[in-house]
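Copied over from TrEMBL:
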TRANSMEM  B:42-63  transmembrane segment
TRANSMEM  B:70-94  transmembrane segment
TRANSMEM  B:100-118  transmembrane segment
TRANSMEM  B:130-151  transmembrane segment
TRANSMEM  B:198-221  transmembrane segment
TRANSMEM  B:250-270  transmembrane segment
TRANSMEM  B:282-300  transmembrane segment
TRANSMEM  B:307-326  transmembrane segment
TRANSMEM  B:332-351  transmembrane segment
Amino acid sequence: MTTSADEAENIDATAAPQAEAVAEFDQQHSTLQRVQHFLHQIPAAVPLIVLVLSIIVFGLLLGSKFFSPFALTLILQQVAIVGITAAAQSLVILTAGIDLSVGAMMVFSSVLMGQFTFRYGIPAEIAIGLGLMAGTVMGVINGVLVAFMRLPPFIVTLGTWQIYLAANYLYSANETIRAQEIEEHAAALQFFGLSFRIGGAVFTYGVVLMLVLVFGLAYALRQTAWGRHVYAVGDDKDAAELSGVQTKRVLVSVYALSGLICALAGWVLIGRIGSVSPTSGQLANIEAITAVVIGGISLFGGRGSILGTLCGALIVGVFSLGLRMAGTDPQWTYLLIGMLIIVAVAIDQWIRKVSV
Amino acid sequence: MTTSADEAENIDATAAPQAEAVAEFDQQHSTLQRVQHFLHQIPAAVPLIVLVLSIIVFGLLLGSKFFSPFALTLILQQVAIVGITAAAQSLVILTAGIDLSVGAMMVFSSVLMGQFTFRYGIPAEIAIGLGLMAGTVMGVINGVLVAFMRLPPFIVTLGTWQIYLAANYLYSANETIRAQEIEEHAAALQFFGLSFRIGGAVFTYGVVLMLVLVFGLAYALRQTAWGRHVYAVGDDKDAAELSGVQTKRVLVSVYALSGLICALAGWVLIGRIGSVSPTSGQLANIEAITAVVIGGISLFGGRGSILGTLCGALIVGVFSLGLRMAGTDPQWTYLLIGMLIIVAVAIDQWIRKVSV
Amino acid sequence: AAQDIGACLITKTDTNPFFVKMKEGATAKAEELGINLKSYAGKIDGDHESQVAAIETCIADGAKGILLTASDTSSIVSSVQQARDAGILVIALDTPLNPIDAADATFATDNFLAGELIGKWAAAKLGDDAADAKIAMLDLGVSQPTVGVLRDQGFLQGFGIELGDPNKWGDEDDPRIVGNDVTAGNEEGGRRAMENLLAKDPMINVVYTINEPAAAGAYEALKAIGREEDVIIVSVDGGCPGVQNVADGVIGATSQQYPLDMAALGIEAIAQYAADGTLPQPTEGKDFFDTGVALVTGEPVDGVDSITVEEGMDLCWG
Amino acid sequence: MDPILQGKKLVKHYGRVVALDHCDFELYPGEVLAIIGDNGAGKSTLVKALSGAVTPDDGEVWLDGKRMNFHSPLDAREYGIETVYQQLAMSPALSIADNMFMGRELRKKGLMGSLLRQLDHKEMERFAREKLNDLGLMTIQNIRQPVETLSGGQRQGVAVARAAAFGSKVIILDEPTAALGVKESRKVLELIQDVKARGIPIVLISHNMPHVFEVADRIHIHRLGKRLCVVKPNECTMSDAVALMTGALDPDHAKAPGSSPGPAEEYLHSL
Amino acid sequence: MDPILQGKKLVKHYGRVVALDHCDFELYPGEVLAIIGDNGAGKSTLVKALSGAVTPDDGEVWLDGKRMNFHSPLDAREYGIETVYQQLAMSPALSIADNMFMGRELRKKGLMGSLLRQLDHKEMERFAREKLNDLGLMTIQNIRQPVETLSGGQRQGVAVARAAAFGSKVIILDEPTAALGVKESRKVLELIQDVKARGIPIVLISHNMPHVFEVADRIHIHRLGKRLCVVKPNECTMSDAVALMTGALDPDHAKAPGSSPGPAEEYLHSL
Ligand SMILES: Nc1ncnc2c1ncn2[C@@H]1O[C@H](COP(=O)(O)OP(=O)(O)OP(=O)(O)O)[C@@H](O)[C@H]1O
Ligand SMILES: Nc1ncnc2c1ncn2[C@@H]1O[C@H](COP(=O)(O)OP(=O)(O)OP(=O)(O)O)[C@@H](O)[C@H]1O
Ligand SMILES: [Mg+2]
Ligand SMILES: [Mg+2]
């Protein structure tokens, strides 16, 4: 048996030159297929195109009122909070999870920042730090339940959503801290509400934070080992584990980061609404998930780009503002956004299906 | 080569008697393990035990007030609508889907039944039939998008939820139809609100419908080919397709049935609240999913029993009423139900893990 | 010209009949005056973010005036300030802002007074039995929005119960209160809350409800156990179904508000302001323009002013 | 003799990959046809196209002289074509019996069956147990145990048993012995002979040359998405077959075995 | 000589199934140890216990004379144990290069790498391409293509290449050739010889007896969750080995090959 290696060599030697292209015979591609293939290569391309199209359409419909630097940057401002929570949501969804508690973590963190400052007289800067820590802790609780107790993320965050929200109401005693008071005693809380102008365009620091966060995360996901591990965990957790990824650590880090980002969103929220109100952000979950979904990240994990999420949030922002300016009944807006979700994902699916 | 069969026979013949128990060497089981194994065999056992325990605990805490036929049947009445929508949700979740539109389908169907009767003067019985058909159609739309367009159920129903709900508000023009009017002109709409007594216990026909539905579905899932196919599709859709299940047809049938059941829930809703109100049922989604999850049906599909869902809905009912009777702040109820979700699923997971 | 005058109506939701009616009133008046009105609303009660976005849209849109029923009365203040800085007249409808002078004017019902009226009526109706009444309090939501708190506390004050913190419901320790429960202001919530409290004490004989849909739900719960005849239900709103329910004896008395008036007056004020810059003035002795509240009941009692059901029907909305 | 199952110029693209490139295929009544070929050559795709599991982009499938249009495996099954796919088609949480009867469940006799559509679990379990015993899968003790509790080999056994039990016209086996031990593999080969003896033709995909040369009547050699040639085991050596499928040998040179050593020894040397 | 990798009385239960039943195991420096056994005998579980993928309920794992406590495959990898698992551990949506370096990514030199932790994609791709070429997997043209676009055999090749490239102390291969064609299987066997020549011991699980007898120095026969015996390929025939692992033969009778025919022919007859 062991003497047969020589003969085998011969066969292999002759086989090699011809056996090169088993799976890749060339073929002519139609233009359509080439477009699909291109779109498939860049996961954020579809939402980006939809975004540009919708800006153009509303621009044509509404004219200069919409197509002004003021209105366009207004969209950015309106989208900032959704964009930030959607960034957190994207991370979690990339690991094949879902975080229903983003809104609750956001509002509870903002309430903690406010109450720490005003109830206990802690300096605002420290209170903010504590609030960010609290958000992280809430995220870690989610992460530990998911990673170590191996509970499904949907269920864990369905539970903690209710828990954090109830805790938020109980702790805050439903008290709102008024904007005027904050302005006077703890302006740092409103930092992200400050704005600067470039021409007619108005940017708040909240918008800047959103952009920095999204591009920073995009870099981390693409260019660092941690990012590759996030994708691997979402793709196939068991396989990632076997090929040497510390899946538990990755999961906890993702949920913790999600909590931290939501706490940041809470801080931005104070800046945006001026006051600290325990009843804000009730729709943040749905809005964040909607942005992620329209942005083309797969709910099954491991596929998609956080830049897509940014586009998704902006698309919703453009539609909302555009339809509002057009004077559409709000219910029609909801109806159209419902359709937008389905259509966006259907296009995405079509691209994936045809060009593998 | 072909002459070797005889020799092979010999080996096999000698091998057979000893090779019987490759995978099943016996071992001693501890009592705990045996309990786990038993619980694993009957998927509804855990929620049933939790249910019985929670009734006992609240009974001990609150005494005869809680442990009366009146209070206990009150729980059934309060749970009827959630139980029915949760049954619809269970079907969908068993196919590894999720139906976020159950609440919207329910309330829209009830509005259609009412408006058909009062706006167009259609006899109530026919209006009810049309409403049930409308619910089915909404379900079919979900099903077609999921089965034929191959879109993820979460996204499809996230979209249709908003669409159906917006349609509901637009169509109804937010008008409520008063209970007294319905009673006078279209008593059939309130049929499921009628009640009968057995001793101190009060049952509505809505409760009866819930029980009939749940047990009927349990029979269908366990004893008919359709039921086995529902499980197979949820377990592994591709495998089911390859082994000869018409997965698309099964999926559409499940979503259609879900729509029909939600429309029935809409009818029951009219009976319960007396009137037709387009703003009802806003929490029906979360409540239905909560019941399913506590009832031990896996969100990944293919595992669990609809009887568990019934127990899940009852557990939430027992907790809500019990805590309220104990005078707890409503906020604490949410917090405790949040914890209940996590604990129930953790126990379930533990049983699955240890006893495979 | 009047066509250039843009106005915005921003309500808490566009699903609650109260706001639907408000929108109808505003739309009718705007058409009459030739004002270009756009309406916005939150998606659910408490959806503050959508209201902020709506105000920003109005600013971008170059509107002359905004009519606002705020979901979050103090958080909205900074957005309102932005609008006022942009030269827009902001009128708070129904719900005063916190502080009240954050808006240029407030056209509202006195919700505390509305509660007080039904409280007094219920106490008078019971007479001596008021001393050992068993009261169920069906409130709006766990987050305790101000409107709900004002009505609740007004009712208790009117009934003669000592308040705890008047900015909060549920902290009273009067034994006559069987309990508080939340209804989300709809029928389903009303019925469930009533059932819960009945399970706690089946002998409840006074039911305060946040609004008429909740009252209708509570009635169904009472009917189911056959106690609908011997319980007094009081409510606030004065919508047509609600007043009809007073006529049918479902609700004993309700405090009627006038959303149509609020909206129509608001639009007129905007037209006025656009024409010559005059600001609307508050009612004498109050810091807001009181659009009035009236107790509607079929069984008037001494010491509480009320209007009849017929009068109520003429004035009702929704 | 006309082929019983035939593929004509079948084409299937997966995005940029051409898995089938105008591939022809013929299966004659009563024969065992083996398909061999390199990894990724398109063997599994070919049998999927024949059994309705994928719809070819182009080309035709003929069964018994009639043009077929299979849209799902169920369509093909209704014509008596049973397939064991390479990735086993099993529902892990369902029992062995449920899996064997998936899509063709037996209903109870009488009213319970016709009206209430109740399944005849007993009968299905009896039948399943019998078929598994035929295959020598005695190690499975509980026919109600979920498939996920079986080892990979046991699962493959169940899949083969299902195909053998229900196939009436053609049975297709895609690498049925890949996960099996020596003894179980032998049982499967025996089963193939049994089925053939019942007159049912079989398509067998395998990388195991001794198995192929033992049971096949003809060998379809697949390369680069199409049929390269068809050889007979007694006219071709194993090493020639391997050389053909890897492209080391041209089909024209393979037709003269003549002086070469017997197939078995030759193969062993080529290993 | 002391064993380099040793398992002592390893026990692993899966619910009611005992996958490992006080199983012993020894791997000596520089040798190729094959593990053979029936389906479900517990072979995969054994190597998973040795490589940290499952934590045994009882028993000890020793490496180089030191007691180890592996909690994950990463732990084992840090000690130089590389494993190709039976169910391949790949992330389908990630590229071949990403998969090869999963968990041990290379960072860029300089500030970008240390501060911003940027990966050196170029270097990783170069390395991956090189290793695949060594294995003769020339058919993979684009090292950036997602693993899901590869055929089963190509995937297995990538997994083996990864293990061979990074294993410094022990390499474990669980059925590395199951999905491979003849040519690729041959390459893997050659690779095993190469690795052995580099002095790294190998554990090989396979159902393919000729492969096992070709490359193994010793054969661990696994049965019913434990080691039945260890034989040497030149002291035992293939059919005896098969008889042992199926329980047809007692270990005590197997030790006298004497008059039996050569291993190859014997095996062919047993097929
Ligand atoms: N569902 C799919 N999506 C994308 N590509 C696919 C799919 N199925 C097969 N392919 C590709 O088509 C080609 C042929 O695959 P196929 O599975 O038919 O090969 P095979 O001959 O069965 O190989 P093996 O011997 O490894 O099983 C391969 O390049 C494979 O990557
Ligand atoms: N994750 C698991 N959960 C439950 N049972 C398992 C699991 N993994 C293995 N088993 C069981 O443990 C036993 C041993 O399995 P193992 O995979 O080690 O066998 P094997 O010898 O590798 O078989 P094969 O040759 O088929 O790969 C089998 O009965 C199997 O069903
Ligand atoms: Mg194949
Ligand atoms: Mg194995």
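Even glycines carry a Cβ here, placed using N, Cα and C.
On a predicted model such as this, the values are computed, not experimentally measured, just so you know.
Cβ atoms under 8 Å from those of the transmembrane segment (B:250-270) belong to residues 80-81, 84-85, 87-89, 91-92, 94-95, 97, 99, 102, 105-111, 113-114, 128, 131-140, 142-144, 146-147, 182, 189-193, 206, 209-210, 213, 226, 229-230, 233, 240, 276, 280-281, 284 of the same chain, restricted to positions at least 6 beyond its ends. Residues of the same chain lying 6 or more positions beyond the ends of the transmembrane segment (B:198-221) and with a Cβ under 8 Å from any Cβ of it are 68-70, 72-74, 76-77, 79-81, 83-84, 87, 90-91, 94, 191-192, 227, 230-231, 261, 264, 268, 271-272, 305-307, 309-310.
Sequence-distant residue pairs (6 or more apart) of the transmembrane segment (B:42-63) and the transmembrane segment (B:130-151) include fewer than 3 whose Cβ atoms are under 8 Å, leaving the two stretches without contact.
Sequence-distant neighbours of the transmembrane segment (B:282-300) (same chain, 6+ residues past either end, Cβ-Cβ under 8 Å): 43-44, 46-47, 50, 81-83, 85-86, 88-90, 93-94, 96, 98, 100-103, 106-107, 161, 234, 265, 306-313, 315-316, 337, 340-341, 344-345, 348. Outside the transmembrane segment (B:100-118) by six or more residues, the chain places 81, 85, 88-89, 124, 126-128, 130-132, 134-135, 138-139, 142, 154, 157-158, 160-162, 164-165, 167-168, 171-172, 177, 181-182, 185-186, 189, 258-259, 262-263, 265-267, 269-270, 276, 278-285, 288 with a CB less than 8 A from a CB of the stretch.
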